[in-house]
Amino acid sequence: MTLNVALPVVVAHFDAGPFASSWLLMSFMLVSSVALVIFGRLADVFGRRESYLVGLAVFVFTSLLQGLAPDVWVVVALRAIQAVGGAMILANSTALITQVFPRPMLGRAMGVYMGAISTAQVLGPTVGGLIAEMAGWRWVFWFNVPLGLLGLVWAMRSLRAVERGPRERVDVPGSLLLLCWLGGLLLALSEAAARGWTSPVVIASGLAALVALPVFVLVEWRTRHPVIQPRIFGDLGFTLANLSAFLNTLGRFSLLLIMALFFQSTRGLDPAAAGLAILPMPLGMAVGSPLAGYLAGAHRHRAVAVLGSVLAASGVLVLALTVESAPYGLLACGLALTGFGSGVFLTANTTVIMARVPENRLGAVNGLRLTLQNVGNVLSVAMSLTLISTALETADRHLVYASQEVMARTAPLSDLVAGYHRTLLVLFAVSVLGTLAATFGSATRGGRA
């Protein structure tokens, strides 16, 4: 998220075209999403502490090199390598917490972790923008180096080596098929918003994903040590918790983007003011995430997950009902309620998922959880931008990203506001489905949460 703010400066420095500019962001997202499950499983086999430390070292080293990059495509390549390190960190963080903390304390520990992530999401763009403006874009990357080195030393001293179980074989065919499936799916979803659903790139990527998925499932059923254990989905509570996580992400991830665009294109705010206008949502998440662990205690995580999902869906409904004409105060309340509920849900639901998993599968399952979340992220943005833009005539669809131009034209402005209203209603409907999945999941027996 820090690079999002500094992206215009990086693009201007290298005089990068639209294709290279988009891949500055997409390279990290695609590679990290595809690598999460694979490196989570590798950590289960070879050790989570070792995998976490290597990932952190890769992340720090590539941050240093990105600041020295002579060309935009060097930055893109380094971002892809950095994404591997990021995947190794993310796939292991939650797994390490689950492994270390006893079950009665797991919810609170997860709340602190999720709260820290939410706080970083609030501070990251602001700090990144200040660094880019005061010290130049290279320091957006170099800023990670001292912090990363400090984290690396701390992790080496504090993370204890854990005794490993029997060494299992790595599922290479399954990993490659997973790579083809997720890579094709995410590339198709990412490119659809820019190129359209009929683009050859989108069609080819989608077909590759469509072919790879059934082959992947067949291989995993027949493999002795699969990268993803299909039988784990026989636990209905686990399956519904993951489905709820995906639907809640699908229904809410795009809100920060589309509301920032809304404030610029229909209320005439500049980018900085629009960024401040959407701040109630990440602030709500930062408050709700750590609070969820205390609300749940030791054994009420499923009920708290349902509560968080209900609150977040209610916030989306407030936005949908007030977006056309309400003052900012009501919209801010809707954003804050959505963020607070999302923070509560994410902490509690993650605890539910991780508490139902055998210890030798924590990394792979956490990688799967994050991968589903990333797929929901990409699909949420693609779906929302498509719904908003289809409210306008073809010649006016660029106005979704405009500000002063659309403010001066009454007809497109009213159509655009109506498009935001319809999009928010769809996001609310998806959020309700996520709440239903969480509710049915909370009624299932079994598990430890």
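The backbone N, Cα and C atoms fix where each Cβ goes, glycine too.
Heads up, TrEMBL stuff is auto-annotated, nobody curated it.
Some features that TrEMBL has for this protein:
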DOMAIN    1-446  domain 'Major facilitator superfamily (MFS) profile'
TRANSMEM  20-39  transmembrane segment
TRANSMEM  51-69  transmembrane segment
TRANSMEM  75-98  transmembrane segment
TRANSMEM  110-131  transmembrane segment
TRANSMEM  137-155  transmembrane segment
TRANSMEM  176-194  transmembrane segment
TRANSMEM  200-219  transmembrane segment
TRANSMEM  275-296  transmembrane segment
TRANSMEM  303-323  transmembrane segment
TRANSMEM  329-354  transmembrane segment
TRANSMEM  375-392  transmembrane segment
TRANSMEM  424-443  transmembrane segment
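Residues 10, 14, 20, 23-24, 27-32, 35-40, 43, 48-49, 51-52, 54-59, 62-63, 65-66, 69, 106, 109-110, 113, 159, 350, 354-355, 357, 362-363, 365-367, 369-370 of the same chain, all 6+ positions outside the transmembrane segment (75-98), place their C-beta atoms under 8 angstroms from a C-beta of that stretch. Non-local neighbours of the transmembrane segment (329-354) in the same chain are 94-95, 98, 106-107, 110-111, 114-115, 118, 237-238, 241-242, 244-245, 248, 252, 255, 259, 277-278, 280-293, 295-296, 301-302, 304-305, 307-319, 322-323, 362, 365-366, 369, 438, 441, 447, 449; each lies 6+ residues outside the stretch with a CB under 8 Å from one of its CB atoms. Counting C-beta pairs under 8 angstroms (sequence separation of 6 or more), the transmembrane segment (424-443) reaches the transmembrane segment (303-323) with 3 or more such pairs. Highest Cβ pair count under 8 Å relative to the transmembrane segment (375-392), across stretches 20-39, 51-69, 176-194, 275-296, 303-323: 176-194.
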